[in-house]
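Engineer: This is the feature table in TrEMBL:
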type   : residues : note
DOMAIN : 7-119    : domain 'Acyl-CoA dehydrogenase/oxidase N-terminal'
DOMAIN : 125-218  : domain 'Acyl-CoA oxidase/dehydrogenase middle'
DOMAIN : 232-378  : domain 'Acyl-CoA dehydrogenase/oxidase C-terminal'
Amino acid sequence: MRNPFETEERKAFRETVRRFVETEITPYADDWDEAGEVPWELHAKLGALGAFGFGVDEKYGGLGFDDCFMRAAFSEEFYKCGATGIPAATGGRSISIGPIEKFAPDEIKDRVLEDIVTGRKGSSLGITEPGGGSDVANMKTVARKDGDDWVINGSKTFITGGMKSEYFVVGARTGGEGLTGISLFFVEADMPGFSRTLIDRKMGWWASDTATLYFDDVRVPARNMLGQENFGFIAIMNNFNYERLGMVAGSVGMMKACLEDSIAWAQERHTFGKPLIKHQVIRHKIADMSAKIDATEAYLNQICWLANEGEMPVAEVSKAKFFATKALEFCASEAMQILGGAGYLRGNRVERIYREVKVMAIGGGSEEIMRDLAVRQMGL
Ligand SMILES: Cc1cc2nc3c(=O)[nH]c(=O)nc-3n(C[C@H](O)[C@H](O)[C@H](O)COP(=O)(O)OP(=O)(O)OC[C@H]3O[C@@H](n4cnc5c(N)ncnc54)[C@H](O)[C@@H]3O)c2cc1C
(Lines of atoms letter the chains of each structure in order from A and count residues from 1; the text may use other names and numbers.)
(Lines give C-alpha, C1' and ligand atoms only; values in the text may rest on other atoms or scores of the structure.)
Protein backbone atom coordinates (compact mmCIF):
# COMPACT_ATOMS: atom_id res chain seq x y z
CA MET A 1 0.00 0.00 0.00
CA ARG A 2 1.33 3.46 -0.85
CA ASN A 3 2.34 5.38 2.26
CA PRO A 4 1.11 9.01 2.19
CA PHE A 5 3.98 9.96 4.51
CA GLU A 6 6.72 8.60 2.22
CA THR A 7 9.54 10.98 1.28
CA GLU A 8 12.57 10.45 -0.93
CA GLU A 9 14.81 10.37 2.17
CA ARG A 10 12.70 7.74 3.94
CA LYS A 11 12.47 5.67 0.78
CA ALA A 12 16.24 5.76 0.33
CA PHE A 13 16.82 4.82 3.98
CA ARG A 14 14.44 1.86 3.70
CA GLU A 15 16.14 0.71 0.48
CA THR A 16 19.55 0.86 2.15
CA VAL A 17 18.33 -1.21 5.10
CA ARG A 18 16.55 -3.68 2.81
CA ARG A 19 19.67 -4.25 0.70
CA PHE A 20 21.77 -4.63 3.83
CA VAL A 21 19.39 -7.21 5.33
CA GLU A 22 19.14 -9.12 2.04
CA THR A 23 22.88 -9.36 1.55
CA GLU A 24 24.42 -9.26 5.03
CA ILE A 25 21.82 -10.98 7.21
CA THR A 26 19.17 -13.15 5.54
CA PRO A 27 21.67 -15.56 3.90
CA TYR A 28 23.17 -16.28 7.34
CA ALA A 29 20.01 -16.04 9.46
CA ASP A 30 19.43 -19.73 9.83
CA ASP A 31 23.07 -20.49 10.72
CA TRP A 32 23.21 -17.73 13.33
CA ASP A 33 19.88 -18.83 14.77
CA GLU A 34 21.10 -22.41 15.11
CA ALA A 35 24.46 -21.22 16.50
CA GLY A 36 22.68 -19.09 19.09
CA GLU A 37 24.66 -15.94 18.34
CA VAL A 38 25.58 -13.38 15.73
CA PRO A 39 29.13 -12.27 14.87
CA TRP A 40 30.00 -9.12 16.84
CA GLU A 41 31.02 -7.35 13.57
CA LEU A 42 27.32 -7.19 12.75
CA HIS A 43 26.74 -4.77 15.64
CA ALA A 44 29.29 -2.36 14.18
CA LYS A 45 27.95 -2.74 10.63
CA LEU A 46 24.45 -1.88 11.88
CA GLY A 47 25.87 0.99 13.89
CA ALA A 48 27.45 2.35 10.70
CA LEU A 49 24.02 2.22 9.03
CA GLY A 50 22.69 4.50 11.77
CA ALA A 51 20.49 1.80 13.26
CA PHE A 52 21.04 2.82 16.88
CA GLY A 53 21.49 6.54 16.34
CA PHE A 54 17.94 7.91 16.20
CA GLY A 55 17.55 10.90 18.50
CA VAL A 56 21.22 10.74 19.50
CA ASP A 57 23.59 13.66 19.00
CA GLU A 58 26.19 13.26 16.24
CA LYS A 59 29.00 13.82 18.75
CA TYR A 60 28.04 10.45 20.26
CA GLY A 61 27.91 8.72 16.88
CA GLY A 62 24.18 9.35 16.52
CA LEU A 63 22.23 10.59 13.53
CA GLY A 64 21.52 13.98 15.06
CA PHE A 65 17.83 13.68 14.21
CA ASP A 66 14.87 11.42 14.88
CA ASP A 67 12.21 10.11 12.53
CA CYS A 68 9.65 7.56 13.61
CA PHE A 69 9.04 6.44 10.01
CA MET A 70 12.71 5.61 9.57
CA ARG A 71 12.79 3.81 12.91
CA ALA A 72 9.77 1.77 11.77
CA ALA A 73 11.26 1.08 8.32
CA PHE A 74 14.43 -0.15 9.96
CA SER A 75 12.61 -2.61 12.25
CA GLU A 76 10.27 -3.79 9.51
CA GLU A 77 13.05 -4.54 7.04
CA PHE A 78 15.29 -6.11 9.69
CA TYR A 79 12.58 -8.43 11.04
CA LYS A 80 11.92 -9.71 7.50
CA CYS A 81 15.07 -11.79 7.88
CA GLY A 82 12.75 -14.07 9.82
CA ALA A 83 15.18 -14.87 12.63
CA THR A 84 14.22 -12.08 14.93
CA GLY A 85 16.72 -13.08 17.58
CA ILE A 86 19.15 -11.23 15.29
CA PRO A 87 17.48 -7.83 15.68
CA ALA A 88 17.05 -8.64 19.37
CA ALA A 89 20.75 -9.51 19.82
CA THR A 90 21.94 -6.37 18.10
CA GLY A 91 19.08 -3.95 18.77
CA GLY A 92 18.65 -4.87 22.44
CA ARG A 93 20.87 -1.85 23.17
CA SER A 94 18.29 0.51 21.64
CA ILE A 95 16.00 0.32 24.66
CA SER A 96 18.79 1.43 26.99
CA ILE A 97 20.26 4.18 24.79
CA GLY A 98 17.32 6.54 25.42
CA PRO A 99 17.74 6.76 29.22
CA ILE A 100 21.54 7.07 28.92
CA GLU A 101 21.27 9.78 26.29
CA LYS A 102 18.57 11.68 28.17
CA PHE A 103 19.68 11.36 31.77
CA ALA A 104 23.33 10.35 32.12
CA PRO A 105 25.84 13.04 33.09
CA ASP A 106 28.35 14.13 30.44
CA GLU A 107 31.13 12.14 32.12
CA ILE A 108 29.25 8.87 31.45
CA LYS A 109 27.94 9.87 28.03
CA ASP A 110 31.38 10.99 26.82
CA ARG A 111 32.88 7.72 27.98
CA VAL A 112 30.34 5.15 26.77
CA LEU A 113 27.64 6.44 24.45
CA GLU A 114 29.60 6.48 21.19
CA ASP A 115 30.80 2.91 21.76
CA ILE A 116 27.21 1.77 22.31
CA VAL A 117 25.67 3.69 19.42
CA THR A 118 28.33 2.63 16.91
CA GLY A 119 28.01 -1.01 17.97
CA ARG A 120 31.44 -1.43 19.50
CA LYS A 121 29.97 -2.26 22.91
CA GLY A 122 26.64 -3.58 24.10
CA SER A 123 24.11 -2.22 26.56
CA SER A 124 20.88 -3.66 27.94
CA LEU A 125 17.83 -2.59 29.87
CA GLY A 126 17.07 -4.43 33.13
CA ILE A 127 13.52 -3.97 34.36
CA THR A 128 11.95 -7.45 34.59
CA GLU A 129 12.62 -9.45 37.76
CA PRO A 130 12.22 -13.12 38.64
CA GLY A 131 9.16 -12.09 40.69
CA GLY A 132 7.46 -10.54 37.66
CA GLY A 133 7.70 -8.27 34.65
CA SER A 134 4.24 -6.85 34.09
CA ASP A 135 3.89 -5.21 37.49
CA VAL A 136 6.85 -2.84 37.09
CA ALA A 137 5.68 -0.68 40.00
CA ASN A 138 6.20 -3.64 42.32
CA MET A 139 9.89 -4.23 41.55
CA LYS A 140 11.96 -5.64 44.43
CA THR A 141 15.54 -4.76 43.50
CA VAL A 142 16.62 -2.06 45.95
CA ALA A 143 19.20 0.72 45.92
CA ARG A 144 20.23 2.06 49.33
CA LYS A 145 22.04 5.39 49.75
CA ASP A 146 25.44 5.02 51.43
CA GLY A 147 27.43 8.24 51.61
CA ASP A 148 27.88 9.48 48.05
CA ASP A 149 27.06 6.07 46.58
CA TRP A 150 24.07 3.86 45.95
CA VAL A 151 24.29 0.16 46.80
CA ILE A 152 22.13 -2.11 44.64
CA ASN A 153 20.81 -5.53 45.66
CA GLY A 154 18.45 -7.81 43.77
CA SER A 155 18.17 -9.47 40.38
CA LYS A 156 16.78 -8.97 36.90
CA THR A 157 15.81 -11.64 34.44
CA PHE A 158 15.03 -12.12 30.71
CA ILE A 159 17.56 -9.40 29.90
CA THR A 160 18.20 -9.27 26.16
CA GLY A 161 21.89 -9.11 25.32
CA GLY A 162 22.61 -9.39 29.03
CA MET A 163 25.47 -11.89 28.70
CA LYS A 164 27.50 -9.70 26.37
CA SER A 165 26.62 -6.15 27.36
CA GLU A 166 29.16 -4.02 29.17
CA TYR A 167 26.56 -1.47 30.28
CA PHE A 168 23.13 -1.68 31.87
CA VAL A 169 20.26 0.62 32.69
CA VAL A 170 18.64 -0.91 35.75
CA GLY A 171 15.48 -0.07 37.67
CA ALA A 172 15.67 -0.25 41.47
CA ARG A 173 13.57 0.80 44.42
CA THR A 174 14.92 3.89 46.16
CA GLY A 175 11.76 4.97 47.93
CA GLY A 176 8.53 3.57 49.31
CA GLU A 177 6.27 1.00 47.72
CA GLY A 178 4.68 1.47 44.32
CA LEU A 179 5.49 3.49 41.25
CA THR A 180 6.73 6.60 43.05
CA GLY A 181 9.68 4.81 44.69
CA ILE A 182 11.66 3.66 41.65
CA SER A 183 14.86 5.11 40.14
CA LEU A 184 17.06 4.19 37.18
CA PHE A 185 20.78 3.47 37.45
CA PHE A 186 23.69 3.10 35.06
CA VAL A 187 25.60 -0.07 35.99
CA GLU A 188 28.76 -1.50 34.43
CA ALA A 189 29.40 -5.21 34.09
CA ASP A 190 32.83 -5.00 35.71
CA MET A 191 31.50 -3.45 38.92
CA PRO A 192 32.16 -5.63 41.99
CA GLY A 193 29.07 -7.58 43.04
CA PHE A 194 27.61 -7.83 39.51
CA SER A 195 27.21 -11.30 37.98
CA ARG A 196 25.04 -12.97 35.33
CA THR A 197 23.91 -16.34 34.03
CA LEU A 198 22.60 -17.38 30.63
CA ILE A 199 18.95 -18.33 30.14
CA ASP A 200 19.29 -21.14 27.66
CA ARG A 201 16.81 -23.16 25.61
CA LYS A 202 14.27 -20.50 24.69
CA MET A 203 11.32 -21.16 22.36
CA GLY A 204 12.57 -18.49 19.93
CA TRP A 205 15.05 -15.62 19.61
CA TRP A 206 17.79 -18.24 19.57
CA ALA A 207 20.30 -15.85 18.02
CA SER A 208 19.97 -13.52 20.99
CA ASP A 209 21.47 -14.17 24.40
CA THR A 210 19.13 -13.66 27.34
CA ALA A 211 20.44 -13.33 30.88
CA THR A 212 19.60 -13.20 34.54
CA LEU A 213 21.55 -10.46 36.29
CA TYR A 214 22.50 -10.48 39.97
CA PHE A 215 23.34 -7.43 42.05
CA ASP A 216 25.06 -8.26 45.30
CA ASP A 217 25.97 -4.99 47.03
CA VAL A 218 26.83 -3.35 43.70
CA ARG A 219 28.10 0.10 44.62
CA VAL A 220 27.55 2.89 42.08
CA PRO A 221 28.42 6.57 42.44
CA ALA A 222 25.50 9.00 42.94
CA ARG A 223 26.03 10.39 39.42
CA ASN A 224 25.04 6.98 38.02
CA MET A 225 21.42 7.64 38.92
CA LEU A 226 19.67 8.37 35.62
CA GLY A 227 17.08 11.09 36.02
CA GLN A 228 15.41 12.21 39.19
CA GLU A 229 15.32 10.09 42.32
CA ASN A 230 12.03 8.14 42.59
CA PHE A 231 10.88 9.27 39.11
CA GLY A 232 12.21 6.20 37.31
CA PHE A 233 8.79 4.70 36.66
CA ILE A 234 7.78 7.55 34.34
CA ALA A 235 11.10 7.27 32.50
CA ILE A 236 10.56 3.50 32.11
CA MET A 237 7.05 4.02 30.75
CA ASN A 238 8.19 6.69 28.28
CA ASN A 239 11.03 4.46 27.17
CA PHE A 240 8.56 1.67 26.36
CA ASN A 241 6.92 3.70 23.57
CA TYR A 242 9.67 3.34 20.98
CA GLU A 243 10.36 -0.25 22.06
CA ARG A 244 6.71 -1.11 21.46
CA LEU A 245 6.60 0.77 18.15
CA GLY A 246 9.68 -1.15 17.06
CA MET A 247 7.85 -4.38 17.87
CA VAL A 248 4.78 -3.26 15.90
CA ALA A 249 6.98 -2.46 12.90
CA GLY A 250 8.89 -5.72 13.38
CA SER A 251 5.58 -7.59 13.37
CA VAL A 252 4.69 -5.93 10.06
CA GLY A 253 8.00 -7.18 8.62
CA MET A 254 7.40 -10.68 9.95
CA MET A 255 3.86 -10.74 8.54
CA LYS A 256 5.12 -9.57 5.14
CA ALA A 257 7.69 -12.37 5.18
CA CYS A 258 4.91 -14.86 5.96
CA LEU A 259 2.80 -13.50 3.11
CA GLU A 260 5.66 -13.49 0.59
CA ASP A 261 6.66 -17.07 1.41
CA SER A 262 3.03 -18.22 1.35
CA ILE A 263 2.42 -16.74 -2.07
CA ALA A 264 5.65 -18.14 -3.49
CA TRP A 265 4.84 -21.64 -2.17
CA ALA A 266 1.17 -21.50 -3.20
CA GLN A 267 2.18 -20.63 -6.76
CA GLU A 268 4.70 -23.44 -7.00
CA ARG A 269 2.93 -26.25 -5.17
CA HIS A 270 0.24 -28.23 -7.00
CA THR A 271 -2.54 -30.27 -5.34
CA PHE A 272 -5.60 -31.85 -6.91
CA GLY A 273 -4.47 -30.86 -10.40
CA LYS A 274 -3.87 -27.15 -9.88
CA PRO A 275 -1.57 -24.75 -8.04
CA LEU A 276 -2.47 -24.19 -4.39
CA ILE A 277 -3.05 -20.51 -5.18
CA LYS A 278 -6.04 -21.50 -7.35
CA HIS A 279 -7.86 -23.12 -4.40
CA GLN A 280 -10.36 -20.68 -2.93
CA VAL A 281 -9.56 -21.56 0.69
CA ILE A 282 -5.89 -20.67 0.14
CA ARG A 283 -6.82 -17.48 -1.74
CA HIS A 284 -8.92 -16.40 1.25
CA LYS A 285 -6.04 -17.02 3.63
CA ILE A 286 -3.86 -14.78 1.45
CA ALA A 287 -6.55 -12.08 1.41
CA ASP A 288 -6.97 -12.21 5.20
CA MET A 289 -3.21 -11.97 5.79
CA SER A 290 -2.87 -9.10 3.35
CA ALA A 291 -5.74 -7.16 4.98
CA LYS A 292 -4.23 -7.54 8.45
CA ILE A 293 -0.85 -6.33 7.18
CA ASP A 294 -2.43 -3.26 5.53
CA ALA A 295 -4.39 -2.39 8.67
CA THR A 296 -1.37 -2.71 10.96
CA GLU A 297 0.84 -0.75 8.61
CA ALA A 298 -1.67 2.08 8.24
CA TYR A 299 -2.11 2.21 12.02
CA LEU A 300 1.66 2.32 12.49
CA ASN A 301 2.06 5.11 9.94
CA GLN A 302 -0.55 7.24 11.67
CA ILE A 303 1.17 6.72 15.03
CA CYS A 304 4.56 7.58 13.53
CA TRP A 305 3.11 10.80 12.19
CA LEU A 306 1.82 11.72 15.67
CA ALA A 307 5.14 10.76 17.28
CA ASN A 308 6.99 13.01 14.83
CA GLU A 309 4.57 15.82 15.72
CA GLY A 310 5.66 15.42 19.35
CA GLU A 311 2.39 13.81 20.43
CA MET A 312 3.39 10.23 21.27
CA PRO A 313 -0.03 8.56 21.51
CA VAL A 314 0.44 6.11 24.37
CA ALA A 315 -3.02 4.53 24.09
CA GLU A 316 -2.60 3.94 20.35
CA VAL A 317 0.90 2.52 20.81
CA SER A 318 -0.53 0.03 23.32
CA LYS A 319 -3.45 -0.88 21.07
CA ALA A 320 -1.20 -1.17 18.03
CA LYS A 321 1.11 -3.53 19.91
CA PHE A 322 -1.52 -6.12 20.76
CA PHE A 323 -3.31 -5.58 17.44
CA ALA A 324 -0.03 -6.25 15.61
CA THR A 325 0.93 -9.32 17.61
CA LYS A 326 -2.54 -10.84 17.22
CA ALA A 327 -2.30 -10.20 13.46
CA LEU A 328 1.18 -11.73 13.48
CA GLU A 329 -0.07 -14.82 15.31
CA PHE A 330 -2.75 -15.21 12.63
CA CYS A 331 -0.35 -14.70 9.71
CA ALA A 332 2.31 -17.06 11.11
CA SER A 333 -0.29 -19.76 11.65
CA GLU A 334 -1.89 -19.37 8.20
CA ALA A 335 1.51 -19.26 6.49
CA MET A 336 2.55 -22.45 8.26
CA GLN A 337 -0.74 -24.04 7.15
CA ILE A 338 -0.15 -23.03 3.52
CA LEU A 339 3.40 -24.41 3.54
CA GLY A 340 2.14 -27.63 5.10
CA GLY A 341 4.81 -30.14 6.13
CA ALA A 342 7.53 -28.13 4.38
CA GLY A 343 6.87 -25.24 6.76
CA TYR A 344 7.31 -27.50 9.76
CA LEU A 345 10.92 -28.29 8.86
CA ARG A 346 13.72 -26.24 10.43
CA GLY A 347 15.52 -23.80 8.18
CA ASN A 348 12.76 -21.68 6.72
CA ARG A 349 11.46 -18.22 7.65
CA VAL A 350 7.91 -19.29 8.43
CA GLU A 351 9.03 -21.95 10.90
CA ARG A 352 11.28 -19.47 12.69
CA ILE A 353 8.64 -16.74 12.73
CA TYR A 354 6.04 -19.16 14.10
CA ARG A 355 8.38 -19.81 17.06
CA GLU A 356 8.89 -16.10 17.63
CA VAL A 357 5.28 -14.96 17.76
CA LYS A 358 5.02 -15.36 21.50
CA VAL A 359 8.02 -13.27 22.45
CA MET A 360 6.48 -10.45 20.43
CA ALA A 361 3.17 -10.92 22.27
CA ILE A 362 4.79 -11.06 25.74
CA GLY A 363 8.01 -9.01 25.62
CA GLY A 364 7.98 -5.23 26.00
CA GLY A 365 4.51 -5.39 27.58
CA SER A 366 2.21 -8.35 27.11
CA GLU A 367 -1.04 -8.26 25.17
CA GLU A 368 -3.01 -8.29 28.43
CA ILE A 369 -1.04 -5.40 29.91
CA MET A 370 -1.29 -3.45 26.63
CA ARG A 371 -5.08 -3.76 26.69
CA ASP A 372 -5.16 -2.65 30.31
CA LEU A 373 -2.97 0.36 29.58
CA ALA A 374 -5.05 1.33 26.55
CA VAL A 375 -8.28 1.29 28.54
CA ARG A 376 -6.65 3.25 31.38
CA GLN A 377 -5.53 5.84 28.82
CA MET A 378 -9.19 6.11 27.80
CA GLY A 379 -9.82 7.36 31.33
CA LEU A 380 -11.64 4.21 32.40
C1 LIG B 1 13.04 -13.35 25.13
C2 LIG B 1 12.66 -12.26 26.08
C3 LIG B 1 13.44 -11.12 26.13
C4 LIG B 1 13.15 -10.12 27.08
N5 LIG B 1 13.98 -9.02 27.17
C6 LIG B 1 13.82 -8.17 28.23
C7 LIG B 1 14.77 -7.12 28.47
O8 LIG B 1 15.73 -6.91 27.70
N9 LIG B 1 14.61 -6.34 29.57
C10 LIG B 1 13.57 -6.52 30.45
O11 LIG B 1 13.50 -5.78 31.42
N12 LIG B 1 12.65 -7.49 30.22
C13 LIG B 1 12.75 -8.31 29.15
N14 LIG B 1 11.82 -9.31 28.92
C15 LIG B 1 10.75 -9.49 29.89
C16 LIG B 1 9.37 -9.15 29.39
O17 LIG B 1 9.23 -7.76 29.28
C18 LIG B 1 8.39 -9.79 30.38
O19 LIG B 1 8.43 -11.19 30.12
C20 LIG B 1 7.00 -9.26 30.22
O21 LIG B 1 6.92 -7.94 30.64
C22 LIG B 1 6.00 -10.10 31.07
O23 LIG B 1 6.46 -10.28 32.36
P24 LIG B 1 6.53 -11.75 32.99
O25 LIG B 1 7.11 -12.66 32.01
O26 LIG B 1 7.17 -11.64 34.32
O27 LIG B 1 5.01 -12.20 33.18
P28 LIG B 1 4.07 -11.86 34.41
O29 LIG B 1 4.11 -10.41 34.71
O30 LIG B 1 4.34 -12.80 35.51
O31 LIG B 1 2.66 -12.22 33.78
C32 LIG B 1 2.32 -13.56 33.40
C33 LIG B 1 1.10 -13.51 32.49
O34 LIG B 1 0.02 -12.95 33.19
C35 LIG B 1 -0.50 -11.83 32.51
N36 LIG B 1 -0.87 -10.80 33.47
C37 LIG B 1 -0.08 -10.19 34.39
N38 LIG B 1 -0.79 -9.30 35.11
C39 LIG B 1 -2.05 -9.34 34.61
C40 LIG B 1 -3.27 -8.65 34.91
N41 LIG B 1 -3.29 -7.67 35.83
N42 LIG B 1 -4.38 -8.97 34.23
C43 LIG B 1 -4.36 -9.92 33.28
N44 LIG B 1 -3.25 -10.62 32.94
C45 LIG B 1 -2.11 -10.32 33.59
C46 LIG B 1 0.64 -11.33 31.62
O47 LIG B 1 0.13 -10.68 30.51
C48 LIG B 1 1.30 -12.65 31.25
O49 LIG B 1 0.60 -13.20 30.16
C50 LIG B 1 12.03 -10.26 27.93
C51 LIG B 1 11.22 -11.39 27.82
C52 LIG B 1 11.52 -12.38 26.92
C53 LIG B 1 10.64 -13.59 26.87
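Just so it is clear, glycine is given a Cβ too, placed from its N, Cα and C backbone atoms.
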Engineer: Kindly state the mean pLDDT of the domain 'Acyl-CoA dehydrogenase/oxidase C-terminal' (232-378) in the predicted structure.
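Structural biologist: That region's mean pLDDT is 97.
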Engineer: By DSSP assignment, list the helix, strand and coil residue numbers for the domain 'Acyl-CoA oxidase/dehydrogenase middle' (125-218), in that order.
Structural biologist: 6 helix, 49 strand, 39 coil
Engineer: Could you break down the residues of the domain 'Acyl-CoA dehydrogenase/oxidase C-terminal' (232-378) into DSSP helix, strand and coil, giving a count for each?
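Structural biologist: With helix first, then strand, then coil, the domain 'Acyl-CoA dehydrogenase/oxidase C-terminal' (232-378) has 124 helix, 4 strand, 19 coil.
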Engineer: List the helix, strand and coil residue totals of the domain 'Acyl-CoA dehydrogenase/oxidase N-terminal' (7-119) as derived from DSSP.
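Structural biologist: Its residues divide into 81 helix, 0 strand, 32 coil.
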